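Written out below as structure tokens is the structure these notes cover.
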């Protein structure tokens, strides 16, 4: 097979936080088994051996959750041992970790640095904004622990970026959020839409990100980002980077920006494999990585069905002048009713207004970075 990328949940849906907007919590509540616990050593070895045997060129192991650090540092030390043991083809291996940061200490930071992990740190901005939705299981604030994790990453020279969930409150205070990240010298930022639970009415929660709020957020964030670009202080914002890739190359490296789905090979802690992080549901279970090859998993009828469903272009999109840039957006924002055709993207109007507002300046940036 070509290079392989896996998204792995070593602690299943387990987490030491109780974020109000957690999409994976709502997903796992709708499975026969809410949590599969910590990944066993035999599952880990089967997975590593499988990928290193079948991939060509390089492969990527991305650990997410739940909270992956709940698996323990020993789990990841075992991972490195197994990668060395089974990498007889001398593949280039990329490891990454998405964490809430609350369990990061000196030992973790040192390990991540020494083993060249790329780390995503979940942080929603300054204290009052972050703590609003990101409490621990006891209802306590988490900001100070996350800020401490960022300091440790800098101390040990861990390569990391910030993942910020955009809620209604974030959208209203984008100036505070961007200013805080800038003060902390965070140069790599990813802002992701807060998702209401799958197949529930959209916009009914206090945290829900409504289209009008998202429009304002995108415009204001772009203004700050563009001003910094003109002043020689370029900040990487994944969504804007994805748009620039689309302008310059015709497609983006970011999932959700190309209009159609691919198979992400999401691996739950019991070895079960799913096509997408947003659809880790019994309905879309492809099989188990312990007893099926990656090719067999990819060729399952369920995977083909999942991908095929994303190919239908909405009639409104076909006549939209921004379709080549937007491509309909992420399937998750088009999926409103179970077992129904995908609809127009929930944020369609937001994107239209944003593109009208920012496109000339996006072209200017693209021309300057060719």
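Every residue gets a Cβ built from N, Cα and C, even glycine.
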Annotated companion of 21, 66, 134, 195 at the S-adenosyl-L-methionine site, Swiss-Prot, chosen from 60, 122, 144: 122
255, 320 as binding-site residues, winner by CB count within 10 A: 320
Rounded Cα-Cα span from residue 255 ([4Fe-4S] cluster 2 binding site) to residue 326 ([4Fe-4S] cluster 3 binding site), Å: 12
Spatial neighbours of residue 195 (S-adenosyl-L-methionine binding site), counting only the binding-site residues 22, 255, 317, 348 and Cα distances within 10 Å: 22
Spatially closest candidate among 15, 19, 21, 122, 134, the listed binding-site residues, to residue 348 ([4Fe-4S] cluster 3 binding site) (Cα to Cα): 21
Residue 320 ([4Fe-4S] cluster 3 binding site) versus residue 21 (S-adenosyl-L-methionine binding site) - Cα distance in angstrom: 32
